[in-house]
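Marked as ADP binding site by Swiss-Prot on the basis of sequence analysis: GLY150, VAL151, SER152, ARG153, THR154, SER155, LYS156, THR157.
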Amino acid sequence: MTQELNLYIMSDSVGETGLRLAQAVAAQFPNFEAHYVRFPFIHTEEKIYSALDEAKKENALAIMTFVTSGFAQLATHYAKDQGVIAIDVMSPILSGIKSITHEEPNHVPGAVHDLNERYFDRISAMEFAVLYDDGKDPKGFLEADIVLLGVSRTSKTPLSLFLANRNLKVANLPLVPNAHIPEEIWSVDPKKIVGLTTDASVLMEFRRQRMIAYGLNPDTAYSARDQVNQELKFAEDLYKKIGCMVINTAHRSIEETATLILEHMGLDEFDNTETH
């Protein structure tokens, strides 16, 4: 029987950093079902006490991402008095950076959410990904920071949107054997192109499940091994001709594939867009 794990995220901003961290850590405990409760925009001592009182009542772990001066210390002391396990995430990092830079932190909650130029660049990149999804307009390949090529079910669209959230303009093109490859592809720097592939068994099983879900015969040409192998071979030959990076997305998450692409491009994985 799955046990419950209550995780309370306390923040003087939206609490996104604490939530992501809690989710990442909770994933390491598969025998527990995690329940997340956010307490955002905590700007008073009373709200700190109230959140910790509730955490005590529910036997929850409190994860705190305060940057407001004094809040983390106050919450830590109160949690200790109440017998609540509370983790102060931000203070050690702030102290570490302070030691290296000899600068005092601003202690401004939510500073990363300011509507600055980077924010609007990200919105523009998201719009670009939607506009040039699935090769809708070949001219997008010439304007893109990254061009994704791939057979079906290699996560081209979600990967495009994920990278767009890193302020990168991404266009993608689905590959079908003997289909016309737009001339624009050959004008793109191969270093900007990423070829996505997968394992034949993974692609076949996914297609079989899709046909079953549609109430159709799962053993059609769409999912037949010869057809799948033909598609993968077509893509492999094209990637060799282009001379681009190739990534097998089988058993890889969107985040893992994106990290490989960003490393290949020499880009910072987080691109300064993480939220708190």
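Just so it is clear, glycine is given a Cβ too, placed from its N, Cα and C backbone atoms.
The local packing around SER155 (ADP binding site), expressed as other Cβ atoms within 10 Å of its Cβ over all shown chains, amounts to 19. Excluding GLY150, VAL151, SER152, ARG153, THR154, SER155, LYS156, THR157 themselves, the residues of that chain whose CB lies within 8 A of the CB mean position for the ADP site are, in sequence, PRO174, LEU196, THR198, THR249.
According to its DSSP assignment, GLY150 (ADP binding site) is in a strand. Shown are the binding-site residues ARG153, LYS156; of these, the residue with the fewest other Cβ atoms within 10 Å is ARG153. Within the same chain, residues at least six positions away from SER152 (ADP binding site) with a Cβ under 8 Å of its Cβ are PRO174, LEU203, ARG207, GLU231.
Taking the Cβ of GLY150 (ADP binding site) as reference, residues of its chain lying under 8 Å away and at least six apart in sequence are, in sequence order, LYS156, ASN172, LEU173, PRO174, LEU175, GLY195, LEU196, THR197, ALA235, THR249. All chains included, 17 other C-beta atoms sit within 10 angstroms of the C-beta of THR157 (ADP binding site). Neighbour density at the Cβ, taken as the number of other Cβ atoms within 10 Å, is lowest among the binding-site residues VAL151, THR154 for VAL151.
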